[in-house]
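This report concerns only the one structure given below.
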Amino acid sequence: MFNFFKKIVNKIKGEEAKEKKRQSVPKEELEEILIGFDIQYDLIESLLKHLGDLVTPKQLEVALLRFVRGESYYDKTRLKTITTKPLVHLIVGVNGAGKTTTIAKLAKLSLKQHKKTLLGAGDTFRAAAVKQLQLWGEKLNIQVISAKEGSDPSSLAYNTIESAIAKNIDEVFIDTAGRLHNQTNLKNELSKIARTCSKVLKDAPFYKFLILDGTQGSSGLTQAKIFHETLALDGVIMTKLDGTSKGGAILSVLYELKLPILYLGMGEKEDDLIAFDEERFIGDLVDAVFVEQ
């Protein structure tokens with residue numbers, strides 16, 4: 001499932017790894033491998049500080065499970081339950097992270113649960129983004145609320161939720177802009193959209209999900225922090241993990257932001273969205289570390 005880790009191991013070792021497993025790995029080599037996975041160094045130090053010079057698969061697995069299930073992380077990395085109807089999802093992230101495609105994937109999951117779904121094309125300054133969401137809407141047979149190019153995205157969000165209320169919609173997914181080159185304007189715009197959502201929902205809670213490009217590795221954390229500081233995010237969806245070795249950034253998101261990882265985007269099709277499973281994730285990481293040539 002998470003075999004992207006094996007790519008970086010192969011690169012470090014200089015040849016294709018075979019499936020035979022080693023019984024232990026020297027701590028220094030383990031550190032190098034984990035750095036190659038794009039896990040933050042201070043997190044690596046924290047994971048390994050109580051381990052001996054030779055580390056077994058079980059020891060690494062226990063250290064990782066203690067981290068993801070630790071008291072300071074576990075409660076904070078569970079997605080809070082919201083029962084509001086319509087259940088609104090405000091989707092944020094930088095341009096190119098895969099927001100629009102991920103919205104289509106989330107909408108497809110909603111349809112599979114037999115929920116009435118509505119989409120809002122809130123990236124009103126990019127005609128291509130609006131068109132892309134409309135095409136997904138046509139493919140999935142879901143209505144997309146849009147506005148003229150350059151329209152106020154807060155008004156679009158308001159109209160989308162108002163329409164959802166009027167039509168007894170179950171779930172709403174609203175796209176947003178992601179122009180990080182002008183952080184102040186982006187922060188102000190997203191804050192205004194969030195306030196608008198709260199207003200039309202009469203202060204009922206709603207979800208704010210960040211779409212994070214997995215190919216960015218730990219450098220994506222800078223982006224994530226900006227969005228989290230602005231919106232108090234509820235969860236993260238990592239995308240483009242079908243073609244990267246940097247899946248270790250998942251651990252860095254947990255470590256830095258203490259936010260739940262909800263799904264992993266593993267491709268471009270509307271079904272290529274996998275619910276994050278921390279045990280399988282850790283199992284794959286450990287397997288990759290202890291592969292013997």
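Note that Cβ sites are derived from N, Cα and C of the backbone, with glycine treated the same way.
If you check TrEMBL, you get these features:
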BINDING   93-100, 175-179, 239-242  GTP binding site
DOMAIN    260-273  domain 'SRP54-type proteins GTP-binding'
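Structure with TrEMBL features highlighted.
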| residue | record | Cβ neighbours (10 Å) |
| --- | --- | --- |
| Gly93 | GTP binding site | 27 |
| Gly96 | GTP binding site | 12 |
| Lys99 | GTP binding site | 29 |
| Thr176 | GTP binding site | 27 |
| Arg179 | GTP binding site | 14 |
| Leu241 | GTP binding site | 22 |
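Mapped onto DSSP classes, the domain 'SRP54-type proteins GTP-binding' (260-273) shows 0 helix, 6 strand, 8 coil. Within the model, the domain 'SRP54-type proteins GTP-binding' (260-273) shows a mean pLDDT value of 82, rounded to a whole number.
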